[in-house]
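Quick look at what Swiss-Prot lists:
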| type | residues | note |
| --- | --- | --- |
| BINDING | G156, P157, E158, G159, I160, G161, K162, T163 | ATP binding site |
| DOMAIN | 1-94 | domain 'Pyrin' |
| DOMAIN | 150-469 | domain 'NACHT' |
| REPEAT | 748-769 | repeat 'LRR 1' |
| REPEAT | 777-798 | repeat 'LRR 2' |
| REPEAT | 805-825 | repeat 'LRR 3' |
| REPEAT | 834-855 | repeat 'LRR 4' |
| REPEAT | 862-883 | repeat 'LRR 5' |
| REPEAT | 891-914 | repeat 'LRR 6' |
Amino acid sequence: MAESFFSDFGLLWYLEELKKEEFWKFKELLKQEPLKLKLKPIPWTELKKASRENVSKLLSKHYPGKLAWDVTLNLFLQISRDDLWRKARNEIRQKINPYRSHMKQKFQVLWEKEPCLLVPEDFYEETTKIEYELLSTVYLDAFKPGESSPTVVLHGPEGIGKTTFLRKVMLEWAKGNLWRDRFSFVFFLTGREMNGVTDMSLVELLSRDWPESSEPIEDIFSQPERILFILDGMEELKFDLDCNADLCEDWEQPQSMQVVLQSLLQKQMLPECSLLLALSKMGMRKNYSLLKHMKCIFLLGFSEHQRKLYFSHYFQEKDASSRAFSFVREKSSLFVLCQSPFLCWLVCTSLKCQLEKGEDLELDSETITGLYVSFFTKVFRSGSETCPLKQRRARLKSLCTLAAEGMWTCTFLFCPEDLRRNGVSESDTSMWLDMKLLHRSGDCLAFIHTCIQEFCAAMFYMFTRPKDPPHSVIGNVTQLITRAVSGHYSRLSWTAVFLFVFSTERMTHRLETSFGFPLSKEIKQEITQSLDTLSQCDPNNVMMSFQALFNCLFETQDPEFVAQVVNFFKDIDIYIGTKEELIICAACLRHCHSLQKFHLCMEHVFPDESGCISNTIEKLTLWRDVCSAFAASEDFEILNLDNCRFDEPSLAVLCRTLSQPVCKLRKFVCNFASNLANSLELFKVILHNPHLKHLNFYGSSLSHMDARQLCEALKHPMCNIEELMLGKCDITGEACEDIASVLVHNKKLNLLSLCENALKDDGVLVLCEALKNPDCALEALLLSHCCFSSAACDHLSQVLLYNRSLTFLDLGSNVLKDEGVTTLCESLKHPSCNLQELWLMNCYFTSVCCVDIATVLIHSEKLKTLKLGNNKIYDAGAKQLCKALKHPKCKLENLGLEACELSPASCEDLASALTTCKSLTCVNLEWITLDYDGAAVLCEALVSLECSLQLLGLNKSSYDEEIKMMLTQVEEMNPNLIISHHLWTDDEGRRRGILV
């Protein structure tokens with residue numbers, strides 16, 4: 001059954017309350033009602049003559065558990081027996097659900113032991129009233145026929161109270177105060193819990209906390225839309241979630257927790273169920289792409305008034321509360337931090353230690369780390385006063401070793417064996433519990449908050465010595481730094497942040513003074529050596545997270561340290577999405593003097609929508625600091641602004657920096673830029689820079705006026721642009737007159753990409769007139785996806801005859817058809833045509849024009865690369881091309897035949913061409929259909945000494961094991977040959993300006 005109370009009273013009792021005519025009408029309606037619920041109807045032959053008792057049995061048989069009652073209650077309303085409907089509903093609600101009762105008991109205990117709450121329940125409810133009301137309705141709004149169940153994300157920074165709020169929500173559901181008619185079952189899963197589980201099905205996972213007195217757990221899945229999963233602690237998972245991972249639909253099939261969780265999140269398993277999960281900023285960025293039908297609720301924390309009330313609840317004594325709050329209120333940075341309930345508790349606990357000792361109130365509020373240090377040292381000193389110094393040091397080292405081991409193994413619940421292994425005795429445990437650094441969680445112990453565990457894990461390294469043997473689980477400083485700043489969203493990020501701060505001379509001295517014993521002095525040197533080594537690694541092998549690195553550096557508040565580290569790196573890639581991230585980035589880059597390449601994605605910063613002038617001025621000042629790095633280095637060459645949104649003032653700051661004589665920018669990329677408010681000034685500045693050779697505006701919308709202003713700048717004598725990428729810029733044929741003028745007047749421009757712009761035939765005609773002009777020096781023109789037809793080929797073919805400089809032409813993804821390609825071939829085979837590379841992928845031609853293409857291959861000694869992929873060439877066309885390849889006059893080096901619908905029958909012709917054509921070094925055959933015989937013929941040619949091929953485009957993984965083995969053996973036997981998937985994808989993207 002879906003809920004146990006259905007066994008306590010029968011359908012029969014209610015059916016016997018129906019009059020004869022009502023019962024007959026009930027049965028007639030029962031023929032159709034199940035269809036509305038997408039259920040199979042009961043056969044009328046069984047139903048027609050069934051008695052009340054038999055109807056109740058049929059309902060229970062065909063619609064087990066709650067389904068039978070859903071059908072019955074709906075029919076009571078339709079036969080106007082609202083009284084029975086109300087009676088049944090009330091009786092159902094009064095019955096006890098063993099699972100709900102079990103959860104009520106469990107979460108009531110958790111709530112009462114909530115370690116950092118320490119406030120009356122009504123006060124807590126007031127602080128989360130807005131979020132609670134939003135959450136109580138968000139699933140009700142979505143519960144409509146045909147609508148997908150939502151994934152609701154409770155979003156907020158660490159310490160804002162997400163876990164506490166979710167536990168409260170679970171308790172309110174269990175009490176019957178929340179979603180009473182919406183969710184029959186709510187399951188609370190934590191990252192910590194899933195870390196301790198090996199392969200297991202979803203139903204097995206849920207069974208671990210399923211009361212024995214309840215109905216079989218498998219029955220609850222008959223109505224998945226009545227199920228909610230609450231997921232907490234996603235950042236604590238020891239495994240990563242991957243968009244491309246294999247998913248599972250079967251909730252009874254044992255799988256890894258990674259697959260089970262990911263299948264739930266991506267709605268592959270139980271797609272009708274609802275999800276509620278808590279994510280921090282890091283978790284949001286990491287898991288955003290996985291979530292379906294997402295709705296966000298932001299947890300706001302304490303208002304100013306609520307912060308004051310919290311102090312009064314915490315201290316209880318009015319004088320202490322007033323003194324503590326006045327101290328915090330006078331320190332604006334500290335008062336802001338107290339918006340977070342956990343940090344507010346941290347502050348109050350620290351101040352309480354001082355008040356109890358009669359000390360002057362003092363807290364470091366410059367940084368988060370400073371606040372944690374204040375808290376930790378004060379509670380440690382208060383709680384360990386009676387301990388001898390040596391024992392105090394040993395106890396702290398054991399605690400920090402436990403924390404570090406947990407961080408490296410993703411362990412957040414520690415059993416007695418974990419404590420013993422790390423030297424934490426029972427008396428130690430009592431001390432840490434009294435200090436509220438640890439708290440009990442069932443039979444295990446946990447740090448009072450993950451941030452405290454991260455803090456202690458960083459402290460572990462301050463106890464190490466150079467000659468200490470390596471720990472079996474805990475990585476050394478170099479490994480920690482590498483893990484934290486290479487790649488994205490490392491679980492060790494905050495441990496690294498704390499360690500950076502601890503390593504500074506100022507903080508090391510402060511810790512030693514507070515603890516009363518010496519700490520390691522070598523950490524800072526180890527950190528800098530690690531980062532220096534990382535800076536010299538190949539970026540293709542080590543992906544740096546400069547967000548993580550800059551967070552670490554900013555937290556140190558040590559300009560010399562920041563300058564030393566940031567100048568190790570010549571190539572920086574950063575994302576700025578908030579004012580806080582802008583502050584951190586500016587604080588680091590203002591010390592950067594050796595930058596060579598800079599990649600920036602900046603959104604949600606400009607324009608400033610706060611309406612506050614001082615906020616706008618502050619942002620512009622910070623942005624100026626970021627831009628200062630472009631002019632501070634004589635070696636700065638490449639600026640890549642990717643998906644950046646500007647307003648006029650922020651663009652002006654950028655322009656002023658780039659116009660400085662010391663700026664020697666060589667390559668400027670501004671892809672998918674929004675709101676280029678003052679593009680004329682930008683064009684003037686960047687194009688009058690004598691060092692600038694490459695300009696790329698791919699994906700940035702340019703109006704007709706923008707395009708005209710850009711072209712005017714391009715014609716200026718000081719302009720030295722050689723490569724211009726204007727793909728996907730919303731340029732139309734109307735702007736082609738201005739572009740054509742540039743082609744005639746600018747002798748330095750040798751490459752132009754206009755891909756993905758609707759130029760159409762008229763626009764191409766205008767360009768062709770300029771290309772035929774003797775003054776045009778263009779060498780490469782890319783016109784893929786430009787919406788022109790075979791009619792344009794007449795003009796393009798004339799360009800091929802008259803233009804002496806053009807060697808590369810991309811016409812891909814335009815509807816040229818056979819007639820268009822045939823027209824081009826007439827010029828291609830002419831001796832005066834200088835074209836060396838032609839791209840005709842996806843141009844809608846067939847094998848009909850392959851005779852003309854074959855003629856070109858024989859007569860053109862200059863054409864070296866021909867890409868014909870994604871056209872219906874078939875085996876007949878391939879035969880014509882292979883015949884030409886075998887001709888002694890053929891000089892072709894690269895041929896693209898991917899996705900040309902070639903069958904195994906073409907392999908004989910291809911094999912013959914490969915062993916005959918000595919110039920051919922690269923062939924793309926992706927998506928060719930291969931059987932064993934065809935593959936064998938092809939492989940025999942590939943290992944032949946007569947074959948000159950060096951690159952072959954094939955996806956080996958798409959074939960069966962036998963063919964895969966043959967292709968692998970080919971690579972082993974022919975060391976000069978590489979077989980590669982997506983052979984040209986990256987190169988084509990770069991040449992079109994899509995990739996940088």
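Just so you know, glycine gets a Cβ as well, placed from its N, Cα and C.
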Going along the chain, which residues six or more apart from T163 (ATP binding site) have their CB under 8 A from its CB?
-> D232, G233, A278
Binding-site residues: E158, G159, I160 - member with fewest neighbouring CB atoms within 10 Å = E158
Checking the binding-site residues G156, P157, G161 for other Cβ atoms within 10 Å of each Cβ, the smallest tally belongs to P157
List the helix, strand and coil residue totals of the repeat 'LRR 3' (805-825) as derived from DSSP.
-> 9 helix, 4 strand, 8 coil
Mind checking which residues of the chain, 6+ beyond the ends of the repeat 'LRR 1' (748-769), have their Cβ under 8 Å from one of its Cβ atoms?
-> 698, 714, 719-737, 739-740, 742, 777-789, 791-792, 795-796, 798-799, 805, 808, 810, 991-994
Grab the same-chain neighbours of the repeat 'LRR 3' (805-825) for me: Cβ-Cβ under 8 Å, and only residues 6 or more beyond its ends, written as numbers and ranges.
-> 750-751, 753, 755, 771, 776-794, 796-797, 799, 834-846, 848-849, 852-853, 855-856, 867, 991-992
Which same-chain residues, if any, lie at least 6 apart from K162 (ATP binding site) yet have Cβ under 8 Å of it = L154, G156, D232, A278, S280, L299
Kindly assign T163 (ATP binding site) to one of the three DSSP-derived states: helix, strand or coil.
-> helix
Taking DSSP states H, G and I as helix and E and B as strand, how many residues of the repeat 'LRR 4' (834-855) are helix, strand and coil?
-> 9 helix, 4 strand, 9 coil
On the 0 to 100 scale, where does the mean pLDDT of the repeat 'LRR 1' (748-769) fall?
-> 98
Please classify the secondary structure at E158 (ATP binding site) using three-state DSSP.
-> coil
